[in-house]
Amino acid sequence: MNIDKFTAHAKSVIASSQSIAAKNDHQQILPLHLLSSLLSEETGIIQTLINNTGGNINLLKDQVQLELNKIPKVQVEGGGQVYSSAEALKVLEKASSIAKDSGDSFVTIERIFEALTYGNTIAGKILTNNGINSKKLAAAILQFRKGKKADTESAENSYDALKKYGRDVTELAESGKLDPIIGRDEEIRRTVQVLSRRMKNNPVLIGEPGVGKTAIIEGLAQRIFSKDVPESLMNCRIIELDMGALIAGAKYRGEFEERLKAVLGEIKESSGEIILFIDELHLLVGTGKTDGAMDASNLLKPMLARGELHCIGATTLDEYRKYIEKDAALARRFQPVYVSEPTASDTISILRGIKEKYELHHAVRISDSAIVAAATLSNRYITDRYLPDKAIDLIDEACSRMKIELSSKPEELDELDRRIIQIKIELAALKKENDEHSKKKITHLTEELEKLESKSYDMKAKWQAEKSKLQQAQKLKEELERARIDLERAERDANLAKASELKYGIIPEIMKKIQEAESMDNKGLLKEIVSESDIASIISRITGIPIDTMLSSERERLLVMEQKLRESVIGQDEAIKGVSDAVRRSRAGIQDINRPLGSFLFLGPTGVGKTELTKALASFLFDDRNAILRIDMSEYMEKHAISRLIGAPPGYIGYDQGGVLTEAVRRRPYQVILFDEVEKAHPDIFNIMLQILDEGRLTDSQGITVDFKNTIIVLTSNLGAEILVNQKEDEDTYKVKDEVMEYVKAVFKPEFLNRLDEIILFHRLNRNNIHDIVKIQLESLKKILLAQNILLEFDESALNYLAEKGYDPSFGARPLKRLIQREIQNNLAKMILAGEISSGNTVKIAREKEELRIKIID
């Protein structure tokens, strides 16, 4: 007997039998140990053979263990050596003989198993008693191997290769485990056309991630199952290749190729009845490639070209270009089928189709408004991913969140139970006191506790009743799903009696029961319907945009936009109106959707509220004053500095880092972008801005397109400021607009100015404006001090004093901030540090003669 002629798995079984003998303190390896080792082997071959011959593996294991326990134990200090018995060697010799007679070059585990049925051993008797004899086993092995010979050391890996390294998609369709596919008829038809060709009948689905490439294959599998395909594909099966399983554990050179050849061999033998589906097709290129070895794609090429292999691939546009197109020989064997992103309305249809599957899985209900919101809001707010994937994810996560809430205690009941615990703790502490006040308190708390416990009991009963009703509805839905699968099977098998019973009897009855179970009062403790607000809440967490801005309440907010902006921006009513009108046009959907929400050029002297209006705009639209990307254009005075905005070109330092502008917008697509002091930048920078203002997008140095459609572009400039400063106090700003525009046209090109929504002039501030700004600044200081529990008060005299001293038409409101720091904040800081003002004090600011006084009231 030559041990080198045993396969790796056979050697492993022999080694394992030695371990079993040593573990049981047996001196010899007997056929019984070999049988015990075979029953525990990992490939599943022996289990399949036992099942095919009518045996029971668990029964065999118990009987073998019983016999092993009967063998005398020999305990040797330090562990004795285990020898092979003559019987075990005879079994292995017999296995070699059977393998040779069968034309095998190597002895496999099933041949050792077959050899155990010969001879008069305990192991042989156990097998015979369980109905497994040499004749039956030889027939089972022949059927299992399908005529294959053991020619390599890893021969077991090539048995039933498709089952090991593939997933039968058609079988999943048959068992109803696939989601229904809505639409995509054109892509499925084109795929069927390519598959029906004589040569090069291999379609490759190319599309962006998440557009539904794999779903098309599932749709095709469902059509094959329901016989809704041409006759040539009627009996086909779609097997998805598991590249991970194919590569995993392939330790030796040639083992991976051997596995793949076994898969391809089975497909070839099926005479066109098996269609191989390879998801992430680009993984074929380079897989299994080692020194001198061929990669997977080269093994496939001959069969692909001859039409012996029906193969469907799926990959993204980028990976197809990067891997497949580079290998022209591989690319020509596949016929591209381009899969585009569905529209929002198509996505709504898709979501309605798969709604029931998600309701069944999560045990919740999904409203139609939630489906519409998922499609429209994801399309608008999640710009870096594709429909329908991003919309399905929103529905899935909203359902998951609802499911978690349903399984936990309702908030109202939880608060009630916490209050009961709190009262019980109070009562325990008060019982130790003997005074009259404590006794009254005990009486009062005891009464409250009784009421709360009664309320809690009723609420718990109501909660449990609602919960059991939901569980009942869920069981009925599962029953309905099974009935529908049975109906499909009955219709396919032409079992009309069963089909009519299911269609007109069982299914309507279950549906009636579901309607009764779901007729729950909406005012109950448990909310089981996923609504539009739940979807908006999920998007809010992803993007950081407040929920209110996504739902219908936004309409009311937009109508009072001017009023809200005037609360923080004083004296610039024309500017506020211009900005508000542009934002309303965009939000109402009557502006070009491929442009930013608004683009403005703010012109005016320093300190009049240009930047403040930008912050107020961010606060109003995104509920965050810091939702601003501020780019100081004085940093981009040189031509080469422009590349910092979109990223350094290939070959330059910083290429991998991305651009200041593009990366910030990619990470946070909803913000106000402020280009400050824009006239100081190099003129070439406006060429980049043309694309943003016109198309609402910009391509960075790495070829990634960044979406600016949900941003507001604000450019500020001091051009023509001297004209606006020298204007009379109450003169209309637009009288001098033409003069200011002469300065603007001298710096900016007409094509740039034409793309802006509004050019807004900010006039200089008058004394009344300054008075209002003083009030806002002091209110802001009041809030800061309130955090330290110090109350700040001020009267009209203080406001007038600061307004008079802080008014400078040339510098706007900026001197006012410095004045408040000098006159108030500096003195307050000294008093706080000296301990004159402490927590709980009230401080009043008032004018005395020609200066401000800070008084501590208490």
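Glycine too: its Cβ is placed from the backbone N, Cα and C atoms.
Pulled from Swiss-Prot, these are the features on record:
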- G207, E208, P209, G210, V211, G212, K213, T214: ATP 1 binding site (BINDING)
- G604, P605, T606, G607, V608, G609, K610, T611: ATP 2 binding site (BINDING)
- 392-523: coiled coil (COILED)
- 6-71: region 'Repeat 1' (REGION)
- 84-147: region 'Repeat 2' (REGION)
- 342-544: region 'Linker' (REGION)
- 765-858: region 'C-terminal' (REGION)
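Sequence features, as recorded in Swiss-Prot, placed on the structure.
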| residue | record | Cβ within 10 Å |
| --- | --- | --- |
| P209 | ATP 1 binding site | 13 |
| G210 | ATP 1 binding site | 17 |
| K213 | ATP 1 binding site | 24 |
| G604 | ATP 2 binding site | 27 |
| P605 | ATP 2 binding site | 23 |
| T606 | ATP 2 binding site | 15 |
| G607 | ATP 2 binding site | 22 |
| V608 | ATP 2 binding site | 29 |
| G609 | ATP 2 binding site | 24 |
| K610 | ATP 2 binding site | 26 |
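DSSP assigns T611 (ATP 2 binding site) to a helical segment in the three-state reduction. In this structure, the C-alpha atom of G607 (ATP 2 binding site) lies 58 angstrom from that of T214 (ATP 1 binding site). Here the binding-site residues are T214, T611, and the one with the most other Cβ atoms within 10 Å of its Cβ is T611. Put plainly, the binding-site residues G207, G212 were compared by Cβ crowding within 10 Å, and the winner is G212. Taking Cβ-Cβ distances under 8 Å and a sequence separation of 6 or more, the neighbours of E208 (ATP 1 binding site) in its chain are T316, L317, E341, Y386. The two recorded residues V608 (ATP 2 binding site) and P209 (ATP 1 binding site) have their Cα atoms spaced 48 Å from each other.
Annotation for V211 (ATP 1 binding site): spatial neighbours V339, S340, E341, P342, Y386, L387, P388, D389, criterion Cβ-Cβ under 8 Å with sequence separation of six or more.
For the region 'Linker' (342-544), the model's average pLDDT works out to 81. According to its DSSP assignment, G212 (ATP 1 binding site) is coil. The CA atom of P605 (ATP 2 binding site) is located 49 Å away from the CA atom of P209 (ATP 1 binding site). G210 (ATP 1 binding site) sits 40 Å from T611 (ATP 2 binding site), counting Cα to Cα.
Residues in the region 'Repeat 1' (6-71) partition by DSSP class (helix H, G, I; strand E, B; coil) as 47 helix, 3 strand, 16 coil. Helix, strand and coil counts from DSSP across the region 'C-terminal' (765-858) read 51 helix, 19 strand, 24 coil.
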